[in-house]
Amino acid sequence: MTLFARATAALLLSAAAAAAQTELTVYTAFEAVDLDRYKKAFETAHPDITINWVRDSTGVVTAKLLAEKDNPQADVIWGLAATSLLLMKSEGMLAPFRPEGIERLDPNFVDQDETPSWVGLDAWIAALCVNTRELERNNLAAPTSWEDLTKPEYAGHVAMPNPASSGTGFLDVSAWLQMFGEEGGWNFMDRLHQNIKFYTHSGSKPCKDAARGEVTIGVSFAFTGAKAISDGAPLAVVFPSEGSGWDMESAAIVAETDFRAEAETLLNWAVSEAAMKEYNVGYAVVAIPSVAQPVENYPAGGLDAMIDNDFLWAAENRERILKEWASRYDGKSEAK
Amino acid sequence: MATAADPAAPGAVASATEDNRPIRPRASRDEIAQRGVIGVLVLYLVLALVLPIGMVFSKALQQYAFTPDQITIAFGRGGAFEAPRSLQSWIDETGYVVNDGLRASERTRVQIVRIIPRPARAGVEAYRVTDASSAGGQLLLGQEFSAPGQTIEVPAADLGRIQVRPQMSYGLGNFGYYFSQKSLSDSIRNSFVIAAIVVAINVPLAFGFAYALTRTRIRHKEWFRLISTVPILVPSLLPAIGLVYLFGNQGILTPLLFGASIYGPIGIVMASVFFTFPHAVIIMTIALGGADQRLYEAAEVLGASKRRTFWTVTLPGARYGLISAAFVVFTLVITDFGVPKVIGGDYNMLALDIYKQVIGQQNFQIGAVVSIVLLIPAVIAFTVDRVISRAQTAQFSSKAVPYQPDEDVRRDRWMLGHCIAVSVFILGILFMCQFAALAKFWPYNLTLGFQHYQFNKMDGGGWAAYWNSIRLAFFAATIGAVLVFIGAYLVEKGRGFVAGRIGLQFLAMMPMAIPGMVLGLAYIFFFNDPSNPFNFLYGTMAILVINTIVHLYTVSHITATTALKQLDGEFEAVSMSLKQPFLRTMTRVSAPCCLPAIGEMWMYYFVNAMTTVSAVVFLYSPSTNLASVAVLNMDDAGDIAPAAAMAMMIFYTNAAVRILYGLFSRNVLGSLQAWRAR
């Protein structure tokens, strides 16, 4: 073989190697603005893998994954609520895997099984988005606790997500039941219900409605509020003093993936410090506590506000809670 | 194929061959081609309509229940296993209430550790749990379902990992559950009440508007006619968004509500009046436009007052139009889910329940049940409309003299006021949406700018969704118009194969009676089944095109057959005697003659494909996001200004296509249609 031929062969080989890109189909409910940044960061670290995002809201992605149960299209789920992944796990759709460096993660963020089926990445925490201008206009003081919200002066000023259609709403309800006990929780919601202007379908809407002054107080998430403030909304974000429900954006490998090795690479990267720094741009609380830096307009005390959330309890009692909730509060406007 | 003689055929021509078998005339090659095309179209409608709808019915009957009597568990103590005991006997003994007494769904799971109390398990080292069912799948351990008869052995610490799954059977359980849920069955009443109110408002409103267009001498009629069709060009979400801006907490006109909330019945009714208005006006304009001058002259001669003439001549003459408009509006309201989604607050409606059950709770069985409930009013309305439209054709006689409105300044002034009021309502909502889409941060910073058009930074799919919508509208319109026209041609002008033609006609009328949400859900059930050979279509643009063509098939089919009916049957007779294939007659004679109708079909497909939400909301995939769905999802996430911006983009696109078509038809079609002029 001549030198020239050898060189050509080598060149061809390297070309083939460069072309050997694996495309991973990744289902996600990450915020639309974050997608490009996460993809770029990962692909820079692992140029041989390309991420093909399939993105929608939490409810839709969950429905889609469950609908495709017998014929999964996704390789990896990256950025979906842990409560949704618990559902997938109970359907036998996730492949257990222990990512490298998982011991640095706060144990609250990791599936309890010996080999975890999913890992949490960052937390989103329930908070109140309070429109300060509307407070002023209506001569109201800012609420500081959940209990405050039930005061008669807030009647018709509060919006919250419907737990039946919004994972966020369910998170709030399950947190109240855990914090105040079964009886106290329902009692609280009975009183809160008197003040609710409307229940929304999505979890971020109450906060954006509060930002526009459509309602005065939106029961929503801290990061949505922080973002709205940066956009110029007259908002204050409040962690209620009793504590807040929370959920995490998490990641898992789909059991039937054809690209197990690449999926593991992605999961290893998803829990790395580099990834945590990316999550930290929008989220104040991430799975590796030492990485976390303060986020613009994000109120302090997020970590302390998080209650000791029992996800398994919430998942097991979901149907019962939703049924009870619907029988108490659904179709509120027709009673008028 | 019918070329082979069939001795038993009763209609066979009675001429005998040597072996005494009666024969029929040979099907010509042309007839065979016609049958082939009809067969393909029928197959298409069966695959894309009948079978998916059938799946909805079968899904609605799938019910789930735990069968703990088919599970046994044996305790291992001291190295040996005791006699197995059924899980049911444990439940009987402990009084454990399975799943808190709730009806099980596909995804309900129960843990064995919850059923057998800890004291009863003292000293157990291992368990053998057996799935004694014949179908298997009773148990779930980690990621695996149990096989029939399989025994799973686990150490004591791992019993918590074994979960019990409910088993599927067919029955009416879901319907019983549905009607026992007050919040769900209340939706039936709510939907009917709202639809009835919208009919009660819209029919007089549209009647007045159509009356002004046909029976008065007001000026600028063509402008009012144009404005009245504007709502067709926008998704039903747009009026709901506009109303939030007009009447919401920060709205300009909120004081007009006197403290009532726009979120709920008031908002749903107002937005529904907006989006159903053009449909009622079009029907009523046709009904009022065909009046006979001689009746009015007779009334005048007989000394009837204007009021009396109105009640005894005008209204009865338009009665079919009134009834038809009422049913069309009723169906549109009851099957729409965009309006209550955006502005309904907590007011539950049937179509919204399907969405909530499927997207919010992943409860496909109950979604199917609601679909069937929703089918009933839609089918009734459809049937009434068909019966009426048949009766109406008999009304006009060839001797009728077209009505000429007389001079009446007072009447015209009132009618002009009515038209202006309605136009202000329509344009006001449109203007509000556009303004809100441009305002930097409503209501605190009203500087205008285009930052809400940066769709790529929002939920909903970004600008790609907009271009996808245009692709969908173009493909659905072009393929749909051609397909529907060929089908209508064969139904109307084809020869022989009566059964096939009647079948195609029947299938072509079906889609109108199927609400879009139901069709969308049906497609999930049918095409997402991995054992379906058409599964590969799922999540592609093709399935959206297929769905849209079927969803809008009926109206296009009626347009095409109406146009074809006007063409003399002699064309076919002549071409047959000249031995011309049907394809040539169709493409050289019928299609050019019907070009205005085909153009209308194309426009109808395009505009509706741009605005529809209901049918496609279950079918889009992230790579085939659509503009109308993006409006829905952006509003859902609270990004209401970008939602308004995208809704207005749909309006501008449809308006532009409409105008281009108008220019095209004036110039090109005008010359092609010169033969119509004398």
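Quick reminder: no glycine exception, Cβ is built from N, Cα and C everywhere.
Per TrEMBL, the features are as follows:
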COMPBIAS  B:1-16  compositional bias 'Low complexity'
REGION    B:1-27  region 'Disordered'
COMPBIAS  B:18-27  compositional bias 'Basic and acidic residues'
TRANSMEM  B:36-57  transmembrane segment
DOMAIN    B:188-385  domain 'ABC transmembrane type-1'
TRANSMEM  B:192-214  transmembrane segment
TRANSMEM  B:226-248  transmembrane segment
TRANSMEM  B:268-289  transmembrane segment
TRANSMEM  B:310-334  transmembrane segment
TRANSMEM  B:364-384  transmembrane segment
TRANSMEM  B:420-444  transmembrane segment
TRANSMEM  B:464-490  transmembrane segment
DOMAIN    B:466-661  domain 'ABC transmembrane type-1'
TRANSMEM  B:502-524  transmembrane segment
TRANSMEM  B:536-555  transmembrane segment
TRANSMEM  B:602-620  transmembrane segment
TRANSMEM  B:640-661  transmembrane segment
Surrounding residues of the transmembrane segment (B:602-620) on its own chain - C-beta under 8 Å, 6+ positions past either end: 232-237, 335-338, 351, 355, 358, 469-470, 472-474, 476-478, 480-481, 515-517, 519-521, 523-524, 543-544, 547-549, 551-552, 555-556, 559, 626-629, 631-632, 650, 653-654, 657-658, 661
Highest-contact recorded stretch vs the transmembrane segment (B:364-384), from B:192-214, B:420-444, B:464-490, B:502-524, B:536-555, CB pairs under 8 Å: B:502-524
Best-contacting stretch, by C-beta pairs under 8 Å, relative to the transmembrane segment (B:36-57) and drawn from B:420-444, B:464-490, B:502-524, B:536-555, B:640-661: B:502-524
Seg_contact(the transmembrane segment (B:420-444), the transmembrane segment (B:640-661)) with at least 3 CB pairs under 8 angstroms, min sep 6: yes
Contact ranking winner - B:464-490, B:502-524, B:640-661 against the transmembrane segment (B:536-555), Cβ under 8 Å: B:464-490
Distant-in-sequence neighbours of the transmembrane segment (B:502-524), which means Cβ under 8 A and at least six residues beyond its ends: 38, 41-42, 45-46, 49-50, 52-53, 55-56, 335, 337, 351, 354-355, 358, 364, 367-368, 371, 374-375, 378-379, 382-383, 386, 484, 487-488, 490-491, 543, 547, 550-555, 557, 612-619
